[in-house]
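Q: What Swiss-Prot shows for this protein is this:
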- 44-78: repeat 'PFTA 1' (REPEAT)
- 88-122: repeat 'PFTA 2' (REPEAT)
- SER98: phosphoserine (MOD_RES)
- 124-158: repeat 'PFTA 3' (REPEAT)
- 159-193: repeat 'PFTA 4' (REPEAT)
- 207-241: repeat 'PFTA 5' (REPEAT)
- 363-397: repeat 'PFTA 6' (REPEAT)
- 442-463: repeat 'LRR 1' (REPEAT)
- 464-486: repeat 'LRR 2' (REPEAT)
- 487-508: repeat 'LRR 3' (REPEAT)
- 509-530: repeat 'LRR 4' (REPEAT)
- 534-555: repeat 'LRR 5' (REPEAT)
Amino acid sequence: MHGRLKVKTSEEQAEAKRLEREQKLKLYQSATQAVFQKRQAGELDESVLELTSQILGANPDFATLWNCRREVLQHLETEKSPEESAALVKAELGFLESCLRVNPKSYGTWHHRCWLLSRLPEPNWARELELCARFLEADERNFHCWDYRRFVAAQAAVAPAEELAFTDSLITRNFSNYSSWHYRSCLLPQLHPQPDSGPQGRLPENVLLKELELVQNAFFTDPNDQSAWFYHRWLLGRAEPHDVLCCVHVSREEACLSVCFSRPLTVGSRMGTLLLMVDEAPLSVEWRTPDGRNRPSHVWLCDLPAASLNDQLPQHTFRVIWTGSDSQKECVLLKDRPECWCRDSATDEQLFRCELSVEKSTVLQSELESCKELQELEPENKWCLLTIILLMRALDPLLYEKETLQYFSTLKAVDPMRAAYLDDLRSKFLLENSVLKMEYADVRVLHLAHKDLTVLCHLEQLLLVTHLDLSHNRLRALPPALAALRCLEVLQASDNALENVDGVANLPRLQELLLCNNRLQQSAAIQPLVSCPRLVLLNLQGNSLCQEEGIQERLAEMLPSVSSILT
């Protein structure tokens, strides 16, 4: 037995570790207590730096101790010479780097470094950029370090082109670098600003085509990595629509003027307000949303005085101006006409996608074919399938409608965990296509029956629709945005899964509402219909509430103006 190393048993090892932890805890607690006592006594000297170094060196995520260090450093600045202060800062930077090696994702350490560098008269920003490069080489997903690099680049006024080159080097080394792709999406709009475009606006076409080629190389190298696919989707995105008036509608009978915006806005806010001119004379009116709530909305209304609608003149001219962008629309109400409107002739490029040049269309068509080839090799790659769908939407949504639906079916089978999201996205695309077809046909009737819809969107585009058929879908609710349909007279929503009709409110022209075979269980669910003054026909057959005793009398009492209620 002599000369052989004694091996501790597991119990002895556990006991030794316990004693070691207890010893460390005692030291930790005593050092912390000493720091707090000195802080309370106002003893902001270098001994506090030494004590906090012992603790933060092992646990950099003690925010209160970083605050203590800042207080001490600020105090010592007033007592030491410039040379001594510089030495103190140099030592602090070295200590921070050692803390980052303990925990490269320490909030407190990176924040303290920002604070320290901000106080220096001439920081060495080049050294800080090199520090970031080292830590990102160790862990390219360290978003704390990415945040710090953006701070350094901003303080040092590093040109966006240099930072873009830095992302090039990281992406070239490893395509699976979401942070680099994201940083790239922030830098490119700065490098190539476009007129009338926001910070996430579109890129010049030559830049866009180059980026598409780069990202295609990435996802063909590793088809299962999502980073490049997300960046590709950003490239295919479109800029935020400008704040413009899409439509103005005047109803003589309701004595009401309705306007529709390209996106939800608040009238009367810092963004702008609406000015109304009637026969070239300004008219002061109160603007409101269809539901009466003062919040951003696509549609805004105002009541018109009788004088602006009288028949003594052959016509009345209504001009609405949005001060936020000087957008305006004008329509003329002729004598004996019940309504008038003005709306731009919309195309799919204007409504739902960007206009494509011949060159860009050629590139995207080539990408589509390449993705189809990749999908044959990787038939269960969900990112590839989704990108094929998005490319088809970007190229021609109506031409590829049938093929897009087939790819949706394949994608749902491949990615069943996201079936609900895919159903909603499919519904969105189908509704967009239906709106486009309605625009091209120049009609005010929209048929959306038997389309397996799960959600409704773009309802602001339907302000002029008089008949809407939503029957035989999978809708569980009708959204409040339905109030945008100011001209709607007939709504068919039978054979869905509606549990309430909260969205069917404040529709001034609604006359017929068909709700057969839904999931309406109580008469209280019908209460919102009280706000539809012209409703005369309500069909509730096939709903559970029809089994309630005395339901007919209860509904007649609730809706006295509805002459025909079918249960």
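Positions of Cβ are set from backbone N, Cα and C atoms, glycine also.
Situate these features within the shown structure.
A: With a threshold of 8 Å between CB atoms, the same-chain residues lying at least 6 positions outside the repeat 'PFTA 1' (44-78) that come near it are 27-28, 31-32, 34-35, 38, 85, 88-89, 92, 95, 98-100, 102-103, 106-109, 111-112, 115-116.
Look at the repeat 'PFTA 2' (88-122): DSSP puts its residues at 27 helix, 0 strand, 8 coil.
Helix, strand and coil counts under DSSP for the repeat 'PFTA 3' (124-158) come to 27 helix, 0 strand, 8 coil.
Looking just at the repeat 'PFTA 4' (159-193), the mean pLDDT is 92.
Non-local neighbours of the repeat 'PFTA 6' (363-397) in the same chain are 209, 212, 216, 219-220, 223-224, 226, 229, 232-233, 236, 348, 352-354, 356, 403-404, 407-408, 410-411, 414-415, 418, 429, 432-433, 436; each lies 6+ residues outside the stretch with a CB under 8 Å from one of its CB atoms.
Beyond the ends of the repeat 'LRR 1' (442-463), by six or more residues, the same chain brings 246-247, 249, 258, 260-261, 298-299, 346, 351, 420, 423-424, 426-428, 430-432, 434-435, 469-476, 478-479, 481-482, 484-488, 492 to within a C-beta distance below 8 angstroms of the stretch.
The list of residues near the repeat 'LRR 2' (464-486) in space but at least 6 beyond its ends in sequence, with Cβ under 8 angstroms from a Cβ of it, reads 247, 249, 251, 256, 258, 260, 289-291, 298-299, 301, 341, 343, 423, 438, 444-456, 492-509, 514.
According to DSSP, the repeat 'LRR 3' (487-508) comprises 0 helix, 3 strand, 19 coil.
According to DSSP, the secondary structure content of the repeat 'LRR 4' (509-530) in residues is 8 helix, 3 strand, 11 coil.
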Q: Between the repeat 'PFTA 5' (207-241) and the stretches 88-122, 124-158, 159-193, 534-555, work out which stretch tops the count of Cβ pairs under 8 Å.
A: 159-193
Q: Using DSSP, what is the helix/strand/coil residue split across the repeat 'LRR 1' (442-463)?
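A: Residue counts for the repeat 'LRR 1' (442-463) by secondary structure: 4 helix, 3 strand, 15 coil.
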Q: Go ahead and report the DSSP secondary structure tallies for the repeat 'PFTA 5' (207-241): helix first, then strand, then coil.
A: 26 helix, 0 strand, 9 coil
Q: Same chain only, please: residues at least 6 beyond the ends of the repeat 'PFTA 3' (124-158) with a C-beta under 8 Å from a C-beta of the stretch. Say none if there are none.
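A: Answer is 97, 100, 104-107, 110, 113-114, 117-118, 166, 170, 174, 177-180, 183.
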Q: Going along the chain, which residues at least six beyond the ends of the repeat 'LRR 5' (534-555) come within the CB cut-off of under 8 Å?
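A: For the repeat 'LRR 5' (534-555), the sequence-distant neighbours (Cβ-Cβ under 8 Å, at least 6 residues beyond its ends) are 494, 508-523, 525-526, 561-567.
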